[in-house]
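Asker: The structure follows.
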């Protein structure tokens, strides 16, 4: 059977509420005003270092390396304490994963979220055992949209045909750069209109995913 690689945030899980809470807890420690959920959701997609850079820039800061590292460490302290307190698996996502797994698909994760937090999220939701490989944002020097992490995840599956499933501009660009067919989840953290993102198929509910992936193999 072929392989499939999934993004995490905005694709399998709605994690923005926990990311939002951790950012605001980190800011509260220095007496700063909180951000709205919509603002933080708009900062998600390129990994924690870029998230923190965007948070600080939105506050009018141009941080040096020390300030950025300090804020990132504070954020991660709060986030890793419980990354699933407010996070939820998208409806139908677990069932789709289990269906694909039962059919013999090999499944990997490629995310810009750090490896440990990604693994903890999958474990907390009882789906870690469905994944054959995880490539997190701190596993390689490169992060998406550089194709290296996706290529590493695909290579770990050792299948001739590998598809990629994601929700954002970053995911679409990564798939295109890696030369993989891309299935776009339309209900995640995308900013641009669907037609602006290169994709080979799209879905709005994970119930549709197994049939879509089979169609992309045809």
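Note: Cβ is positioned from N, Cα and C throughout, glycine not excepted.
According to Swiss-Prot, the protein carries these features:
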- 7: active site, nucleophile (ACT_SITE)
- 7, 9, 167: Mg(2+) binding site (BINDING)
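Could you tell me the structural context for the features on the list?
Answerer: Taking the Cβ of residue 7 (active site, nucleophile) as reference, residues of its chain lying under 8 Å away and at least six apart in sequence are, in sequence order, 109, 110, 111, 164, 165, 166, 167, 168, 171. Classification of residue 7 (active site, nucleophile) by DSSP places it in coil, neither helical nor stranded.
Other Cβ atoms within 10 Å of the Cβ of residue 9 (Mg(2+) binding site), summed over all protein chains shown, number 25.
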